[in-house]
């Protein structure tokens, strides 16, 4: 049996303001820092250790990972950063308030943008400063791979190959792997591992700052998964994510 641990970054400044974030490179909030520190302490208390870590190129995931590893005295392990683990790109919605968009477009439309599998948000123009092609960190990424917006289906299409090509080989080598990522890049992995339908993944909310453990068999199929948190705490955190369309 193999194990892999995933964690969604701690609360970001834009999570706190209830804004669509996507690839916008915002920092952790004070609460997000506390969540990451708590996660690191929890993993250490539960006896976890890691040989290698993977994260995105966005600072909220990178800083979460750094804080977790610091609490575990594992600052020295190899860390691989890749844009394919980035959050889903929310296109023209990035920087807009979720509750205000609900008032403007209706709850059903915003739920489709946030939680459906194959409905993308409104796209950016390439002249928009929010387009990743205008950010030097993506200079080596082929232009046709840089999104103007993404559905969860699009996100899965870029995340799963990275999982298969980079993360799975490390797991099969017997390395203890930690992934620090984002709500939708994690939902993409969860959907793939658990063979969930679009309807099932639409109901799945990933809370910030709580380690999610997957136990995998020799074929990298899930045996079981669980969060390192008690049920009441977990439910409250999941409900926070679900309620974002109402909170200004």
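Cβ coordinates come from backbone N, Cα and C, glycine included.
DSSP assigns residue 9 (active site, tele-phosphohistidine intermediate) to coil in the three-state reduction, outside any helix or strand. Under 8 Å, Cβ to Cβ, and six or more positions away along its own chain, residue 9 (active site, tele-phosphohistidine intermediate) finds 28, 32, 36, 58, 60, 61, 63, 64, 180, 181, 182, 208, 209. According to Swiss-Prot, the feature active site, tele-phosphohistidine intermediate maps to 9.
Contacts of residue 87 (active site, proton donor/acceptor) defined by a Cβ separation under 8 A and a same-chain sequence distance of 6+ are given as 21, 22, 23, 56, 58, 182, 183, 184, 185, in order along the sequence. According to Swiss-Prot, the feature active site, proton donor/acceptor maps to 87.
According to DSSP, residue 22 (substrate binding site) is assigned to coil rather than to any helix or strand. All protein chains shown were included, and the count of other CB atoms within 10 Å of the CB of residue 22 (substrate binding site) stands at 26. What Swiss-Prot lists as substrate binding site is 8-15, 21-22, 60, 87-90, 98, 114-115, 183-184, and the listing cites sequence analysis.
Summarising the annotation, Swiss-Prot assigns site 'Transition state stabilizer' to 182. Under DSSP, residue 182 (site 'Transition state stabilizer') is assigned to coil, being neither helix nor strand in the three-state scheme.
The sparsest Cβ neighbourhood within 10 Å, among the listed recorded positions (8, 98, 182), is found at 98.
For the binding-site residues 11, 14, 88, 183, the ranking by surrounding Cβ atoms (within 10 Å, all protein chains) places 88 first.
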